[in-house]
């Protein structure tokens, strides 16, 4: 063994000759143990030992090697010679990538004669790339401990039960979908860990594991568990958390040695009484008592569920992992070990700003922006994110992706989409190792490939007739190529050009990750325009157009390429990539026509609506609606709102800014954060609501007459990426105006807060909600809120926490007067919660839940202005927090 130590370099490392070898041998080489996984070149050292000291090496009983070692495959062939080997560790995870994540080892199989290691009792193959369990493992007759966690196993062999001496088996963090029936033959098995897999069912034979003391099935997709588990009389700990269990058998309560039963984060709506009474059962995170299944039950947090009405907040992630629900249905899954230390995550749901949310051509925004902090934090394992989005109108032409911002640029993540069966909502799923900004977009379907020097073929999944052929020798170094296609119907071409003779093929966009042109021409096949075949083709009318990256310039390159025709296709060759378009027309200068069509393909036809709430005309709803959605939107709002017909149709680009200005005797709160020079700012996104509800007033005395005003819409900043001609046409004094709609405020009735006596028979002592530092809501503010609540008072009351009985009593006691019902509900709640520091936040959340975003916005504006005034007063006079709070409150008008 001393010579083996010398070969391992122990003498040199100790610097003391043979006398120093034992100092390090304790950790790397001690008697019959050989620990080489601590060396980056451990396999090389092993092979050197096997070559020079084979007689001593074969006596080793305990061996550890790193499967991240590049010489692992060569080393595997020597292992069957170690006839005395009792314990073998071939784990990955010793190396880390640039983000700090453990790298799996390269082990994918074992040599067939590996099964001849008759003395082997302990085998650890964790953190590798096994997709199937090597069959030779089943021949290890003495094996008692087997670890294959963190691999890619989909199933276990049918005769897995041959490992009859197995006492411990761990296959956590694989992709197992089912288990073989023979697993019940492992009569000596004491601990079984199958957590973090994809198991949906368990075989009844699991109940034959009579010596099993711990069974971990957490993090799977189990809908039920077999009654046979009640036969596991030795079982002490049963982990079933984070599954999809709807019920569990009551017979589990009869297990005599059970000391822990974890049922957290399932879909359990009822638990047998026998189970609930157990002192060691854990059932948090289940929708107990719900009459309808919760579609998100399987994703609820291990510690809490974030209020979906809150658009910002924070939560803590520990090394144990958790599942968290954020606003608007956004979900996270932090696997165990994702964060090594407790980490505070801050989140915000933001309105997209076109100044930094840069959309590419033909992209469609489908969600708000999700910001997660701290930015750039690296996780040890991938965190899963589910983001809900609005389904796009052109699913065939487009695909949905999650896009993330690195601080420098936006990039698209590998995304899976899913439509929930019951709610029919769409969710985009991605995995990340860092946090920043995220949003969901719909882009043109993207096909890509890696082009080697030998050449290859790339075709479109949208239109398989579109092909790009790369010949051998087209490049020296492999490069990545992407292809996108935008189909254009003949009807669209005719409508835009007003020429029935104009026809065009689908738009083709090609890009690559290299700035160098190809060494050989690349062949492109495009289908001939609709109605054109090789039989009726007039080649003088056919034009190949090449567009720049922004679609600003379209050049006719027909004379610069060699065109070949078949009955259905046109084929030509190019050496660089951009937009290509095949046109068939009698027009001579086709570039200008193509530019006009391309611009129109990016425009949306929209109408503006301005509606007033029937019960409160001072509440105005403004919305910019795509033309095809106007009728369903108006139908949905007609019960609660009235107003003029929608505006005439106008055209807007995705991400274009516009403003709404109230004119002729109507005004709004100028302190609103979205108010610019007295106008409300909007950003048009075709699939988002583009809607705001605001409270308007009039400086005109309305006690004697109504006010007939108007709201006008104007263009704002033009997106950077729109065509230059379109931007030029939008200059000038009249070009900014889009539409004008009438707004009428009726004659004003006496206000409640102008009544010097008791409030409609109610007498409440003066109250303020909130505190000086965060801003107050005064009694005058609550009066103004009450004046606008209207028929929504019951819904608001319930969301504030009042019981159905309280609501019914308030309604009955004031059944002849809606105003009294509102006042009784609001001020009763305020009196009960005036000491609660979070009562204002509860009021805002209740308004949002009740669909009264307009009141919620106004309350937030009051509080924000109150905080600002308080801070200014502190800076101005140097007062402490005990100063008068009267100046920090502002009455709503």
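Each residue, glycine too, has its Cβ placed from N, Cα and C.
Counting Cβ atoms from all protein chains shown, residue 434 (active site) has 15 others lying within 10 Å of its own Cβ. Per TrEMBL, the feature active site maps to 434 (among others).
Taking the Cβ of residue 436 (active site) as centre and 10 Å as the limit, one finds 17 other Cβ atoms among all the protein chains shown. According to TrEMBL, the active site annotation covers 436 (among others).
Every protein chain shown contributes to the tally, and the Cβ of residue 576 (active site) ends up with 12 other Cβ atoms within 10 Å. Sequence annotations record features per position, and here TrEMBL assigns active site to 576 (among others).
Residues or ranges marked as active site by TrEMBL: 578 (among others). Within the same chain, residues at least 6 positions away in sequence whose Cβ sits under 8 Å from that of residue 578 (active site) are 509, 510, 511, 546, 547, 548, 549.
The annotation domain 'ZU5' is assigned in TrEMBL to 311-444 (among others).
Feature annotation from TrEMBL assigns domain 'ZU5' to 445-586 (among others).
Residues annotated as domain 'Death' in TrEMBL: 778-863. For the domain 'Death' (778-863), the DSSP counts in helix, strand and coil order read 69 helix, 1 strand, 16 coil.
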Residue 436 (active site) versus residue 576 (active site) - Cα distance in angstrom: 34
DSSP-assigned states of the domain 'ZU5' (445-586) in counts, ordered helix, strand, coil: 14 helix, 59 strand, 69 coil
The domain 'ZU5' (311-444): DSSP-derived helix, strand, coil residue counts: 3 helix, 73 strand, 58 coil
